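A.B. asks: I'd like to ask some things about the structure below.
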């Protein structure tokens, strides 16, 4: 008997559990998700990095650099905006190769390899001597962040059992917010080079974690390595898991799919087209909720509310709210379901944006708003709470849930590229929109999109809670 066959010589493979009678353990699935999400924490640090750093490198008044003499170089306002924007450009470029790599060398090694661009970019940033090296560093870290957005949600959706797939799916956004909070908290009180050195810890943790976590069972079955897939499942789901049934389900999901997907399959097959279209629209609404605009504005809104809070503290408060509420979402998501959380999210965010618009309009019209200073503050906090419960984590998670196994890599890559294109557009045009339309109409513009979104989710987005991949594909196929 070969040493690779199930039996006493390889007890991990010997499966004495009768089909349908196993019991699973959730612990290692959480451990794996935590490890994979070191890529998300790294991405979160990259996203938030500009917030404290540009305050140190871009003089508020270009002609007055007092207080910044100790910096080896400074940036103009325009250079500062490009330091921010290059991340989105890199993320766009990183998405497709990540989808391709994850099919070629597997989810595990693709995730592990992300540590390399993260570390290279932090090195470029730490040793930067001018805008050029910062641009290069931000472009490379963007590539790693974009790639993380594709591989991490996909990897997690493939190792989680149905009952906790939602909770683990929300881990990705949760860890992004942890990375953001880390930068807000540390960046406010340290020099930007020190902050960058500390951020480089997370990619190192990612490498360590990926040595422990096995390859995705779905990928292994796809490559014809059923025995390895069985071993991986025993690790993820515990030694008493019914791996035979699980492998059978994976195999039948893969058989139902058409093998290796071509780009045309995304558009010619009605089920795939529905999955892609819903994924793209959820990404569109996530960015057109104006979340970046609201976060960008938090400090001024807090100030106009008469709060004397230091803007740095105000950012930390927002960061904490995001982490706590995204954590709440990961607990609620498998109980309440995806649809209800998306619907509350778009409706409440739309309402908050309309209120903010009215407040700024009154302020512009010189109406005395001093007695309702709490209103914009309450709107911003409520907005961030409902975003974190719904449109923050769920589009990333549903992207992994809606797609059939054969198109998952490709569809995820397209959805992520689309998301980052929108991030770039919204962040780059936000300042211009404000100058041309004023704050009131800018907030109403995003508010209107949220109302459209509420109707769309109500009519078109299916509930995926507790459903297997085959059931989700059937719903998507049958509705059309």
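Glycine residues also receive a Cβ, built from the backbone N, Cα and C atoms like all the rest.
Nobody curates TrEMBL annotations by hand; they come from automatic prediction.
Quick paste of what TrEMBL says about this protein:
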- 1-21: region 'Disordered' (REGION)
- 28-465: domain 'Major facilitator superfamily (MFS) profile' (DOMAIN)
- 30-49: transmembrane segment (TRANSMEM)
- 82-102: transmembrane segment (TRANSMEM)
- 114-133: transmembrane segment (TRANSMEM)
- 139-156: transmembrane segment (TRANSMEM)
- 168-186: transmembrane segment (TRANSMEM)
- 192-213: transmembrane segment (TRANSMEM)
- 274-297: transmembrane segment (TRANSMEM)
- 309-333: transmembrane segment (TRANSMEM)
- 340-360: transmembrane segment (TRANSMEM)
- 372-397: transmembrane segment (TRANSMEM)
- 409-429: transmembrane segment (TRANSMEM)
- 441-459: transmembrane segment (TRANSMEM)
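What's the neighbourhood like for each of these?
C.D. replies: The average pLDDT the prediction assigns to the domain 'Major facilitator superfamily (MFS) profile' (28-465) is 86.
Long-range Cβ contacts of the transmembrane segment (114-133) within its own chain (Cβ-Cβ under 8 Å, at least 6 residues beyond either end) map to 39, 42, 46, 72-73, 75, 79, 82-83, 94, 98, 139-141, 143-144, 147-148, 151, 193, 196-197, 199-200, 202-204, 206-207, 210.
Sequence-remote contacts of a segment are chain residues at least 6 beyond its ends whose Cβ falls under 8 Å from one of its Cβ atoms, and for the transmembrane segment (168-186) they are 29-30, 33-34, 37-38, 40-49, 51-52, 149, 152-153, 156-157, 159-160, 195, 198-199, 202, 312, 315-316, 318-320, 322-323, 326-327, 329-330, 333, 388, 392-394, 396-398, 400-401.
Note on the transmembrane segment (309-333): residues 48, 51-52, 166-171, 173-174, 177-178, 180-181, 184-185, 188-189, 295, 298-299, 302-303, 341, 380-381, 384-385, 388-390, 392-394, 397, 465 of its chain, located 6 or more positions outside it, place their CB under 8 angstroms from a CB of the stretch.
Beyond the ends of the transmembrane segment (340-360), by six or more residues, the same chain brings 282, 285, 289-290, 294, 301, 329, 332-333, 369, 372, 375-376, 379-380, 382-383, 386-387, 389-391, 394, 438-444, 446-451, 453-454, 457-458, 461 to within a C-beta distance below 8 angstroms of the stretch.
If you look at the transmembrane segment (372-397), the same-chain residues 6 or more away from its ends with a CB under 8 A from one of its CBs are 149, 153, 157, 165-166, 169-170, 172-174, 177, 279, 282-283, 285-286, 289, 291, 294-295, 297-298, 301-302, 304-307, 318, 321-322, 324-326, 328-330, 332-333, 338, 341-346, 348-349, 352-353, 355-356, 359, 415, 419.
Sequence-distant contacts of the transmembrane segment (409-429), counting only residues of its own chain at least 6 positions beyond either end whose CB sits under 8 Å from a CB of the stretch, comprise 81, 84-85, 88-89, 91-92, 95-96, 98-100, 102-103, 142, 146, 149-150, 153-154, 261, 263, 266, 272, 275-276, 279-280, 283-284, 286-288, 290, 292-293, 296, 395, 399-400, 403.
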